[in-house]
Amino acid sequence: MAAAGRRGLLLLFVLWMMVTVILPASGEGGWKQNGLGIAAAVMEEERCTVERRAHITYSEFMQHYAFLKPVILQGLTDNSKFRALCSRENLLASFGDNIVRLSTANTYSYQKVDLPFQEYVEQLLQPQDPASLGNDTLYFFGDNNFTEWASLFQHYSPPPFRLLGTTPAYSFGIAGAGSGVPFHWHGPGFSEVIYGRKRWFLYPPEKTPEFHPNKTTLAWLLEIYPSLALSARPLECTIQAGEVLYFPDRWWHATLNLDTSVFISTFLG
């Protein structure tokens with residue numbers, strides 16, 4: 001299994017290097033960067049196992065999902081202005097010189113690196129090398145300077161649902177195709193995709209997944225996932241641009257960006 005996994009990683013890397021191209025801005029805000037790339041080698045799941053709900057009421061949310069299971073929410077907010085502001089061109093023009101803090105893309109994310117946002121976008125925001133470790137991969141997510149980025153965040157409309165006794169906190173991120181964060185857990189929250197696609201894998205609190213904290217989600221998907229019995233597989237779904245995933249308190253989750261992705265989470269702490 002390990003040898004097969006390594007061969008799969010090598011093949012995926014070769015495919016990436018051969019076919020990755022940068023596409024014009026169009027409807028992807030200038031972030032589209034994966035001709036065939038990861039879309040050809042690691043696709044969306046065969047069947048989404050997380051419910052999608054459009055125009056759900058607060059009462060329905062609290063009764064069926066808030067403390068029980070994840071759900072994908074559609075049509076609750078209009079973030080078209082925020083999306084336009086998050087285009088590659090607009091973000092570089094507004095925040096290119098700002099210093100951003102990067103974290104390693106592993107479960108514990110101990111290492112932090114500070115550098116200009118433009119340098120991250122132009123030099124580090126590349127498709128993930130499938131053979132690299134999570135603790136060697138730098139990832140822009142969280143650690144946002146809300147004072148410097150206030151002109152952007154003030155235009156975001158978060159999901160309108162709240163849990164009693166919690167306070168919302170934003171976490172904004174941009175990551176390359178094939179990147180992601182391996183399994184971890186924390187409090188409840190919402191995660192919205194602005195550009196790109198993000199594949200999620202989720203387990204309930206009592207079901208600890210098999211994973212290595214320093215290996216990437218991509219490595220887990222290629223090496224561990226195929227050997228899982230159907231009963232041992234996680235809930236999974238690919239979140240499209242404009243959709244919001246809600247995850248309850250202490251649910252294990254891992255993410256995999258299928259494209260260069262721009263996203264924002266609202267954590268309920």
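Yeah, the Cβs are placed from backbone N, Cα and C, and that goes for glycine too.
According to Swiss-Prot, the feature signal peptide maps to 1-24, an assignment based on sequence analysis. If you look up Swiss-Prot, you'll see Asn135, Asn145, Asn214 marked as N-linked glycosylation site. Annotation source Swiss-Prot lists domain 'JmjC' at 136-269.
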- Task: Tell me the residue counts in helix, strand and coil for the domain 'JmjC' (136-269), as DSSP assigns them.
- Result: 18 helix, 51 strand, 65 coil
- Query: Given the glycosylation sites Asn145, Asn214, which one is most crowded in terms of C-beta atoms within 10 angstroms?
  - Reply: Asn214
- Query: Roughly how many angstrom lie between the C-alpha atoms of Asn145 (N-linked glycosylation site) and Asn214 (N-linked glycosylation site)?
  - Reply: 27
